[in-house]
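Undergrad: Structure provided below as structure tokens; questions to follow.
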Amino acid sequence: MAPEKKKRRRATTDTSDSDSDNAKTKSKPHKKNLNSDAAILKTLETLLANEQTQASTSNSKPLTLSDLSLSSTCREVADLPLSSVQSNIETLILSLARSILSGRGFSFSVPSRSAANQLYVPQLDRIVLKDKASLRPYAAVSTVRKTTITTRILQLIHQLSLKNIHVTKRDLFYTDVKLFQDQTQSDAVLDDVSCILGCTRSSLNVVAAEKGVVVGRLIFSDNGDMIDCTKMGMGGKAIPPNIDRVGDMQSDALFILLVEKDAAYMRLAEDRFYNRFPCIIVTAKGQPDVATRLFLRKMKMELKLPVLALVDSDPYGLKILSVYGCGSKNMSYDSANLTTPDIKWLGVRPSDLDKYKIPEQCRLPMTEQDIKTGKDLLEEDFVKKNPGWVEELTLMVKTKQKAEIQALSSFGFQYLSEVYLPLKLQQKDWL
């Protein structure tokens, strides 16, 4: 009798193990559809080969504004050496002095960065600044303070160029707190000064504080020190605020994974996703900063790697993606240096909510402002150019539902790295 009991117990255990496996499969939708890592890697190798073939066939000089016959005159800035920045400031100040001595007072001609002065150029796939400018006279009550701030910023930039040193935007603000009152005011005038002088903001030797981070299959030199991003721990390497310090990039990655949020980045870094599928993972922890945008472009151009983006399924996730790809309206004057062409939208997309059976309690209702932002995006030329984006955004506005990347954690904290992303890569499910 005893042996029979043992058999029955074994049979019961086998059944419970089978039930447990079924439960795990149900709790992780689509896991059973995953192919082997080797098969997914072959898909990624094909993606990389296509990217490099495209890069080699378009090896000729990339299109610029001057190559196009546009109906509107547009302006762009350039990277200038410090000596040129210094010379431009001195020439400008001399012209202002002549104007004052002739009895006309003085004013700055400041390029307008308003929405009406922006233009999306399909041939370049980025937003550029049109040539409209406005006068900022000192002898007018409405503009006297802003004109004073502009003059002060020019003076500080001239000092930096003479000393050949870098400062942060915060440092700049604290040189004259009583005049600037708020850092947003000094930051805005700093962008105006870039436009006036015709140079990039990096050329002014003013940088933002470190924000973005990178981890994965990348080695580069930072001011002469070699950095291996596979050995930087879970936190990764802070992206240097001064892109001039970065050089000698080397990588055996198959793609770059651009992540919107720090939480998703931490999950992928801790799981060493970049070792399973060789890649470089980068995030600006929300809104893209200038340093991260410059760094991403440098990686794309030098390493010839495809860029796949992982953002929230909401209008703001798509706006963030568009800033990396097409540029921001606030800094459209420098879009040639700040945009990364051909970024592919990997996820999380509105259609994924049903496809991956995201639970209702993890979906959020869109606010009226969300819906308005979504509808406004549908009117943008850079969205209309991509039918896939239009389809996804229309679905989002219609269902009035949004979800964060973290909604995938309802199937387990590692579902993002173990199932969702591998399956997306396997199915070439990007736009």
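Using N, Cα and C of the backbone, Cβ positions are placed for all residues, glycine too.
All annotation found in TrEMBL is predicted automatically rather than curated by experts.
The shown structure was predicted, so the numbers you read here are calculated from the model rather than taken from an experiment.
Grabbed the feature section from TrEMBL, which reads as follows:
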- Y174: active site, O-(5'-phospho-DNA)-tyrosine intermediate (ACT_SITE)
- E260, D312: Mg(2+) binding site (BINDING)
- 1-10: compositional bias 'Basic residues' (COMPBIAS)
- 145-206: domain 'Spo11/DNA topoisomerase VI subunit A N-terminal' (DOMAIN)
- 210-246: domain 'Type II DNA topoisomerase VI subunit A all-beta' (DOMAIN)
- 255-425: domain 'Topoisomerase 6 subunit A/Spo11 TOPRIM' (DOMAIN)
- 1-36: region 'Disordered' (REGION)
Undergrad: Return the average pLDDT for the domain 'Type II DNA topoisomerase VI subunit A all-beta' (210-246) as a whole number.
TA: 94
Undergrad: Could you state the CA-to-CA distance between D312 (Mg(2+) binding site) and Y174 (active site, O-(5'-phospho-DNA)-tyrosine intermediate) to the nearest Å?
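TA: That separation, Cα to Cα, works out to 35 Å.
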Undergrad: How many whole Å apart are the CA atoms of E260 (Mg(2+) binding site) and Y174 (active site, O-(5'-phospho-DNA)-tyrosine intermediate)?
TA: 30
Undergrad: Among E260, D312, the binding-site residues in question, whose Cβ has the most other Cβ atoms within 10 Å in this structure?
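TA: Going through E260, D312 one by one, the largest Cβ count within 10 Å is at E260.
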Undergrad: What are the sequence-distant neighbours of Y174 (active site, O-(5'-phospho-DNA)-tyrosine intermediate), meaning same chain, six or more residues apart, C-beta distance under 8 angstroms?
TA: none
Undergrad: Just give the helix, strand and coil counts over the domain 'Spo11/DNA topoisomerase VI subunit A N-terminal' (145-206), going by DSSP.
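TA: Counts, helix then strand then coil: 47 helix, 4 strand, 11 coil.
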Undergrad: Could you put numbers on the helix, strand and coil content of the domain 'Type II DNA topoisomerase VI subunit A all-beta' (210-246), residue by residue per DSSP?
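TA: So the counts come to 3 helix, 15 strand, 19 coil.
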